Amino acid sequence: MTQRNAVVLAAGLGTRMKSRRHKVVHEVCGQPMIRHVVDHLKASKVDRIVVVVGHLAEQVRAVLGDEVEYVFQERALGTGHAVLQAAPLLEGTEGQTLVVYGDTPLIRPETFQRLADVQQMTGAAAAVLTAVVDHPEGYGRIVRDGDQIRAIVEEKDADEQIRAIREVNAGTYCFDTEQLFDAVRRLDNGNRQGEYYLTDCAEILQKDGRRVTPVLLEDAGEMAGVNDRVQLAAVEESMRRRILEYWMREGVTVVDPRSTYVDSDVVIGRDTVILPGTWLQAGTRIGEDCRIGPAARLSASVVEDGVRVEQSVVLGSTLRSGCTVGPFAYVRPGSDVGPGAKIGDFVEVKNALIGAGTKAAHLTYIGDADVGEGVVLGCGTITVNYDGVQKHRTRIGDRAFVGCNSNLVAPVTVGSDAYVAAGSTITEDVPDGAMAIARERQINKEGYTATLQHKLRGRRMKSEESRES
Ligand code: UD1
Ligand code: CA
């Protein structure tokens, strides 16, 4: 087996992004751009991944951690100079080296695989991924010599004739490792940008009598690179469509793909229906037979089978099978909504366990609480969890019934099968099976209205008398 390396370039300045963040850490469908590149490389079976970092290196390292190796390019002197920095790690090894730019996240694992296969089978010095596009502006142009590549010419160095070429360099290559470093060592920077272009390796190798073979992309859209934020949005749109098509083919109904956003690592079960205006963010897993949306945002959450979420936000939580959330609910991190439970309109749940079949149908706040099974939380139930300094927990036993507009001042426990009368402010534990009433006793003043009207009439008469006299 030949060794297959990958060198990922991420040391450029990314000037056109006009950003304090490194270009390759900008997100596409919920993941940093370079995360996609590295994941796709891994899926295409590479033995070693070396990432060239420089400008804002720590941001790139923060994303990839120690799952790749790094080399440092002190100054961004060009893509060829960037590859040269990997020489101490890779030069002298047998086999092949893929070179990939960190700003082209749409290239599929199968494409890396195909490129590597072509290089290996043909014994070419390099296989270069190319695409024929309607708008070649900004890309390096492929100058062919029959079925091989004679040179790659950057737009800025191209004359009219070369600019008219519509076959472009996708910026992804598979080199014979030895040939690669032999060629990058001979690059010069005598061009319009004064950079050491990796693309010049094509001409160097070709003049050596080696073959540089183009591999044409069937789907030209795969090569789209991100140099500015307009291209960032275009790449996001392409990946979004790809993700949605994947899930639709897996048996998920997406009612309106144009208004549905699913991040790249999200998993969705069969027969689940995603309604318009829904955004499923990174770290979310949805089970089968769910109805999510319209207008739902779920992030880093686990949703079991048969769950309904409508017009709601769910963050970092678990929704157990058959529960319903919304419309207009807010489930905040650390919550676990039990099977068949109901979290209704204008209900906020935070860091709370909600037992099976428990209902909080409207206007309720459940924060830092352990709520048992089959509990009824009346409209306006509030866990008073914060004393201004610390957060405290509320415990509510199974089958308890909390009447409307009750404050449960934590730390406090409402026992199982207990009742809390509506309008209570509970500051002491309620024993199992007890009924607590904690509110002012009602006083009725009989005949009050009549007395009041009598007084008013008397006062009016007096004032009329005084005016007449
Ligand atoms: C490059 C290609 C062009 C191709 C296009 C495809 C060259 C000279 N040109 O142009 O032919 O059509 O990609 O998208 O290669 N980088 C470094 N160090 C540097 C310079 C760049 O690590 O010194 C990295 C950047 O971070 C980026 C990648 O290399 O991830 C590509 O650089 P970029 O400046 O975007 O090249 P393009 O002008 O797009
Ligand atoms: Ca680029």
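Cβ atoms are placed via backbone N, Cα and C, with glycine included.
Keep in mind that what you see is a predicted model, and the values were worked out from it rather than measured.
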Listed in TrEMBL for the acetyl-CoA site shared with Asn385, Tyr386, Arg439, one of Ala361, Ala418, Ala422:
Ala422
Counting other Cβ atoms within 10 Å of each residue's Cβ, which of the binding-site residues Asn227, Asn385 comes out lowest?
Asn227
Three-state composition of the domain 'MobA-like NTP transferase' (6-139), taking helix and strand from DSSP:
52 helix, 34 strand, 48 coil
Mean pLDDT over the domain 'MobA-like NTP transferase' (6-139): what is the value?
97
Anything from the binding-site residues Gly102, Asp103, Asn227 with its Cβ under 6 A from ligand 2? List those in sequence order.
Asp103, Asn227
Can you count the other CB atoms that lie within 10 A of the CB of Gly102 (UDP-N-acetyl-alpha-D-glucosamine binding site)?
28
Once near-sequence residues are set aside, which residues in the chain of Ala422 (acetyl-CoA binding site), 6 or more away, have Cβ atoms under 8 Å from its Cβ?
Gly378, Gly403, Cys404, Asn405, Ser406
Out of Gly102, Asp103, Arg332, which binding-site residues have CB atoms lying under 6 Å from ligand 1?
Gly102, Asp103
Which of these binding-site residues is closest to His362 (active site, proton acceptor) if you go by CA atoms: Leu9, Gly102, Asp103, Arg332, Asn385?
Arg332
